[in-house]
Amino acid sequence: MDGAPVDHHAQSGTEHAEQRLAEARELLRQSQAEAERLRHQLQSAQRHAAGLSERRRAAEAQTQTAARNNRRMVELLEATRAEIATLKENLDAVTHPPFTFATLEAVHAPREPEEGVETGAVVRGGADVVQNGRRLRVTVSPLLDAARLTPGAQVLLDESSSIVGVAPGTGSGQLLRVKEALPDGGLVLAGTADEERVVRRAPALEGVELRHGDAVTVDARVEWALRRVELSEVDEVLLEEVPDVTFEDIGGLGPQIDRIREAVEIPFLHPEVYREHGLRAPKGIMLYGPPGTGKTMLAKAVANALSARSADGERSFFLNVKGPELLNKYVGETERQIRVIFDRAREKADAGFPVVIFFDEMESLFRTRGSGVSSDVETTIVPQLLTEIDGVEALENVIVIGASNREDMIDPAVLRPGRLDVKIRVDRPDAAGAAEIMAKHLTADVPLHADDVAAAGSADAARGTLIARTVAALYDRGAGTALAELTDVSGTTHALHLADLVSGAVVADVVDRAKRHAVRDYLAAGQAPAALGVREGHLREAVAAVLEDQTDLLATVAPAEWARTSGWRGPRLRSLRMVRGVEA
């Protein structure tokens, strides 16, 4: 048997089987390890699921708790709301009329008390009011928004002195004049009998520019200026404007215009030339002469010329003072208004604007001192004007112009050199001047009747013919235009014709009457084109109407009075006898 051959084939199969067995064992071992790992993962997942389930149960419990708390909060809020409504009803029931009126001074927010100086009750918040002259610190009703309470307002206090409402303001109070505005915002006010007081501004006046002479209402209990009052007393007599009248708009006053330009335009527009020659600009101009001769228009043209010819192109201001309306029965009021007028002029002049102060009807304000019959108001008004005019010396852009047809009544101190330096007589126009004035009113824009245009050959020729014939009718010294016979103290008689009473205003009135007559005839003709326009007959009719008006006026006036107001320059008159309208 030892020598029997080995079966190699069987041996190889055994080794192969053992190898496969080992691989199977290894695979089994790996499977068991994988199974163990999966078992551990399963256990971990089961534990995580258990944790999630526990958290879910806890969340459900918290949700249920929150729902219970929410229900309790809703119930509590409803109960609180009902309690607040009840408290408001009780508070409204407690605060019932009557209420007391008071003026609110200030509102205080709560703050920490200063130890050793004030107690907690002082700084809890509240408001300061003035009631019947007493200053009180009161509480503000919790139903009010304290931030909306404005100092100076009228408030209502209940029986416990708590502010329960705001009352509408009355706007009334003592009326005082501003004398000076202080740097800290306070105001120095002037009252009656030279009384002065310093007051604070109410919130409504914060930032408002107040000038000297402005009127304000004052609550004397709190010493506050409440509001500015726009009084018309000064504005009615003072027209602050920039005139649009030029010298070219004025006819028949060539010599007077030349004198005004020499006296005003040159020193105001070329002050350096005047200074080089040792001259100063005139402080004022006096325009005098009969009524209706263009004195006011000249003053307006001066203001316009100062602005139109200024090197800087700045505008000017024309302060037109209506003299009679400036007079006031209260002592010192007229003087105060004169100061206000010059203060306004200084404001504009300080800003670099040329200013013209024009006093119309100057004799009504500044008549000769001591000439009054029932009172001597001029004894204080005239010195006030003289003081203001002398004060104008330091200003470069102010000139005073006075106009009057009774220059004999004005105080001589006003007219002396150094005050109203330049005196210009504005006399009645002659025939050439009247034609020039009429051309300013009967312009190319005014329609002329077709018959007159056809007869003259052109509209311009017809206009010239109408003006020439109308002026000839006005200045005719025949028997038909004689109005009265004047006798002077020497016994000399003078025939008074319509030509002696013609003024720029009369010429303008003639043209206006003719225009109205033309409109009347045009409408009466059913607005037929052939009836349109002014014709010679309308102008002659207007001259006749003016002649009748002058006749009626002369028949009712005394000779001496007529001589003073009409510009009569002959001897003193003794009598005036009407020759027109007197039946034989």
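Every residue gets a Cβ built from N, Cα and C, even glycine.
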Range annotated as region 'Disordered' in Swiss-Prot, from 13-39, 40-66
40-66
Fewest other C-beta atoms within 10 angstroms, as judged across Gly292, Gly294, which are the binding-site residues
Gly292
Cβ within 8 Å of the mean position of the Cβ atoms of Gly292, Thr293, Gly294, Lys295, Thr296, Met297: remaining residues of the chain near ATP:
Leu287, Leu298, Ala403, Val426, Ser503, Gly504, Ala505
Report the DSSP secondary-structure composition of the region 'Disordered' (40-66) as helix, strand and coil residue counts.
27 helix, 0 strand, 0 coil
